[in-house]
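Over in TrEMBL, the protein carries these features:
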DISULFID  Cys90-Cys99  disulfide bond
DISULFID  Cys307-Cys316  disulfide bond
DISULFID  Cys346-Cys355  disulfide bond
DISULFID  Cys551-Cys560  disulfide bond
DISULFID  Cys766-Cys775  disulfide bond
DISULFID  Cys807-Cys816  disulfide bond
DOMAIN    61-100  domain 'EGF-like'
DOMAIN    107-285  domain 'Laminin G'
DOMAIN    281-317  domain 'EGF-like'
DOMAIN    319-356  domain 'EGF-like'
DOMAIN    363-539  domain 'Laminin G'
DOMAIN    524-561  domain 'EGF-like'
DOMAIN    566-740  domain 'Laminin G'
DOMAIN    736-776  domain 'EGF-like'
DOMAIN    781-817  domain 'EGF-like'
DOMAIN    793-979  domain 'Laminin G'
Amino acid sequence: MSYYSMWAVDRTEAGSGSTVSSFPRKVSSFREVISNKTHLQQGGRDYTCICEPEFGGRNCQTTLCDGEDDARCLNGGQCVIENGNSTCRCMLGYAGSTCATAVSINPPYFTSNGYLRYGLPNSDILVNNLTIGITFRPESPDGLILYGQSTSSMGDYFALSLKEGRLVFEFDLGDGTTAITSDPLSLGSEMTVNIRREELIGLMNITGQGSFTVESAGNYTSLNVNDYIFVGGSEDLAQSQRRTNVQTGFTGCILMLQMQGIPFSFHPGSALSGRNVVNCDANLCETQPCQNGATCTPTTGSYTCACLPGYHGYLCDVIKDNCEDGHLCVGDSVCVSTSDSYDCLCGLGQTGTYCSESYNVSSLIPSFTGRSYLAYPLVTPVSDQTAVSLLLRPSTPTGLLVYLADNLTTDGDFLALILVEGVVQLRFDLGSGVSVVSGSTISLNTWHTVHVQRSGNSADLTVDGNTVHHDGSGLVELSAGDTAYIGGLPVSVRPSDDVGVFQGISGCMHNIQAAGGLDVRFCNHTECSLLPCLNDGVCQIINDTAFTCLCGAGWTGTHCEEAASIRVPSFGSSSFLIFEDVLAASASTAIDVEFKASDDDGVLFWNSDGTDFIGLGLVGGRMVFTFDLGSGPSYIFSNTRVALGDWHTVSASRTGLWTTGYDNELIPASGQSTGANTGLSVGSRSFIGGLPPEVMIPGRAGLTGGFFGCIRRITVNNVDLELDQPSQGSEVMACSDQVCNLNPDCRNGATCLDDPSSDLMYQCVCPAGFTGILCEISACQTLPTEDQCQNGGTCFLSGQGQPDCLCSLGFGGDRCSIVVDYNIPQFSGRSFIEFSRAVIASDFFAVGVKNRNVELHVNLGDGVLSVVAEGITINFNQLYSISIERVGTAVTMIVQDTSGNMETVEGSTSGSQTGLNTFGSSLYIGGHPDNVRELTGGIFHQGLDGCIIQLATARNPTRNLVTVNLQQEPLSGAGISNCS
């Protein structure tokens, strides 16, 4: 082993009383004093270590931008190495040595290593021509001012820069760079420059210098660049330097900028992203960033702090880490050192000085501190469409509200809802560039409602009822993880630079469900924090002093303190009922409503999973049935207006893509949905008569506002909703009307008559075949034993109210006591024959007679195809032949009578489905045991009244048809007699 003799020198600062001492030291290897690819220079008895860029210290033993260096950069700041030292490159809106100081950038000042990135309306806007107007005040002779380039780093580009005190505008259309160079400029002076490029010609006009013109020597005339530009520098100066030969960003102020006649705003929310930008002529020491009596000295775009003895750190805020010597923070809390003590940041469900107390998370109305966050599990997919609704009471003008991302780093898709300088803003990137939607400016310390609806690359941002719509382009799906962050982010999550805001919000939010969080406190700015709602009522915030309680079933009153049973509810502007799990995802939906309206607008029924939706309501006095299955909204409007003050019965149904709607007094309407989707995805809650404040109907639905009036019955998919037993409700009153209009208990089609002398205040006039006070007793129930239906027959009332029997297959007679054989089955309208066993699916195949024409209806899963043979009129007691063939989506039906008249009709189902998914299902002929009208969604109203002589089928139309034995093969049936 070799040994070297070295002198290590200890030098103190020269001056009064200073000393210089040296002492010899023998070391075993240079490795004891140098490391990390260090170059050694020796001079006399001393040495100097020349460190690689990422290392520092006398012996290059310190890794720069690691550990404390990196952690000191706040608010999304990034530690970078400049001139051998680590420094913080601050995100847009922040400045200072640790990026702790919030700054305005209107107008912006650039410090040679900063930039702003702005989006353009689209990437084609600069193709044929380019116009730029800019006013700036330079402080350095070199620097990049504007830069735009194509996706390829060596493709088309344009740039405006300072080179050795001259202004240079250059562009490359694909066959070489063309440049215009000005005369020397005066640093520190304000100047205005106008630039125009039209195909090959470039023109630059500078105030005080005149015009400069150049023509490209190439043949290409179009400029193809990305849909964003850099101002004041570039995100990657090394890359832009390869094109422009400019090594640094611009130093100075940019006072005005416009491109293509579009002015650029220097409001922080207008830029997509940025770094190291402050306000022009700002003195950051005015914000008093230095702590503990330190002296602040302004520098270009930043400041330095001279600490008093006993303090250190970039802000002179550190004496020691007060968490290192032990702390009392418990559970999932985090200890944070302060200048003289420490704070405990409590986990979700913890509170108190040391987080030793617990609280019920379900009752939390969270208050955020700027370093808080909540983690919200995503329970529904957000890729195609995303919905966000919240109530917000900010106490600071800037902060992160909601963040969803593809991963926990700066790359990938994201969606962010932010507040920036008081402006609510939505930003999202689906992989084709950032979209920015700016909403209204909101006031501090008051409650506001915010709703976001994103569908593909289009979005609506609604703030306090004011909606801004954005139509995007490019990719349409959002790739996101399984967690949404509310109010801020944990330290492990680094958001995309394009989010624009990196600090958490300070203030309160409401209507949030969370799975985890940190430093979330109780909001004291709402009466809801006092838990005023009784009997499991849910408190809804209106403002700091007002609230409303959503009462559960059986309760009403301001605090849900009054027991109530409202059979026929009356609704106003803030009223609604909520029912849980009313709808299931399906290819068909049917809604029937009986209502009386006192206003021309309002929603009767609404359900949404945040993406798909279905709704029924009034718009301008007309009924509207609307839904979106994920491929665009569909609307069905009634042809006439609803009469206010009158009771109406409205039925709306959807099967696949097809919709129908009709009113008891209005003309029926029908239509077809756009797109190929046929299944409706539903939310767990269905809303009747209105919506709570945090739920928004998207603009594309065409419905607005709460319903004014009464609803006495609503049926969803043939199930009556018990209007007196909702899951929740708000401000619902009892409807005021004549007793007989308020759902009296008269049954079985009885007629109600007002009768003040009766205990019920009404009497029921029974139809034929029913008796009892409420007409609840059927004549079938009072038959003596000897007159009851036998052999499994079912009693029903005939049209005259007389009891009759629907006999099981193989029996007949008045009481089903006679064994019946048939050669040709005859059907009575209630009859049916069943073959095989039923397996219910959304696909179906139905053929029958309606309005004296043969109709065929087929659903392969993409919607119903209907074909009608209108040329052949079906007469009574005549024989007809029907032949049907389906191959994939194509259907052919031939109808022929005994006189030789024949009609062929054809059709093709929509969508891509080609198979009829009814394998294993029953085949019914002549009718069905269930209500035919409900079963077919109104396609047919009853079973056949007549005879079926022969039925032949085959799965493959190329095979010979096989005749079905109508006498021996049936599995069951009813009401069948021999055809006479």
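Cβ coordinates come from backbone N, Cα and C, glycine included.
Locations of recorded TrEMBL features on the structure.
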{"residue": "Cys307", "record": "disulfide bond", "CB count, 10 Å": "19"}
{"residue": "Cys316", "record": "disulfide bond", "CB count, 10 Å": "22"}
{"residue": "Cys346", "record": "disulfide bond", "CB count, 10 Å": "28"}
{"residue": "Cys355", "record": "disulfide bond", "CB count, 10 Å": "22"}
{"residue": "Cys551", "record": "disulfide bond", "CB count, 10 Å": "27"}
{"residue": "Cys560", "record": "disulfide bond", "CB count, 10 Å": "25"}
{"residue": "Cys766", "record": "disulfide bond", "CB count, 10 Å": "21"}
{"residue": "Cys775", "record": "disulfide bond", "CB count, 10 Å": "21"}
{"residue": "Cys807", "record": "disulfide bond", "CB count, 10 Å": "27"}
{"residue": "Cys816", "record": "disulfide bond", "CB count, 10 Å": "24"}
Long-range Cβ neighbours of the domain 'EGF-like' (524-561) (under 8 Å; 6 or more residues past either end): 363, 365, 367, 391, 393, 445-447, 508, 510, 574, 578, 692-694, 724-732
Neighbourhood of Cys99 (disulfide bond), C-beta criterion under 8 angstroms, separation at least six: Cys73, Leu74, Asn75, Gly76, Gly77, Cys88, Cys90, Met91
For the domain 'EGF-like' (736-776), distant same-chain residues with Cβ under 8 A (at least six beyond the ends): 567-568, 570, 596, 647, 710, 712-713, 782, 797-798, 800-803
Local Cβ density at Cys90 (disulfide bond) - other Cβ atoms counted within 10 Å: 31
Cα separation, Cys775 (disulfide bond) to Cys355 (disulfide bond) (Å, whole number): 65
Among Cys551, Cys807, Cys816, which are recorded as disulfide-bonded residues, the nearest neighbour of Cys316 (disulfide bond) by Cα: Cys551
Rounded Cα separation (Å) that holds between Cys807 (disulfide bond) and Cys775 (disulfide bond): 26
Between Cys560 (disulfide bond) and Cys346 (disulfide bond), the C-alpha gap once rounded to whole angstrom: 33
Helix-strand-coil residue split for the domain 'EGF-like' (319-356), DSSP-based: 0 helix, 11 strand, 27 coil
Nearest of the disulfide-bonded residues (Cys307, Cys346, Cys551, Cys816) to Cys775 (disulfide bond) - Cα to Cα: Cys816
For Cys816 (disulfide bond), the one of Cys307, Cys346, Cys551, Cys766 that lies nearest, given that the disulfide-bonded residues are compared by Cα: Cys766
Local confidence of the prediction over the domain 'EGF-like' (781-817), expressed as mean pLDDT: 92
DSSP three-state assignment for Cys551 (disulfide bond): strand
Separation of alpha carbons, Cys346 (disulfide bond) and Cys307 (disulfide bond) (Å): 32
Whole-number Å value for how far Cys766 (disulfide bond) lies from Cys551 (disulfide bond) (Cα to Cα): 37
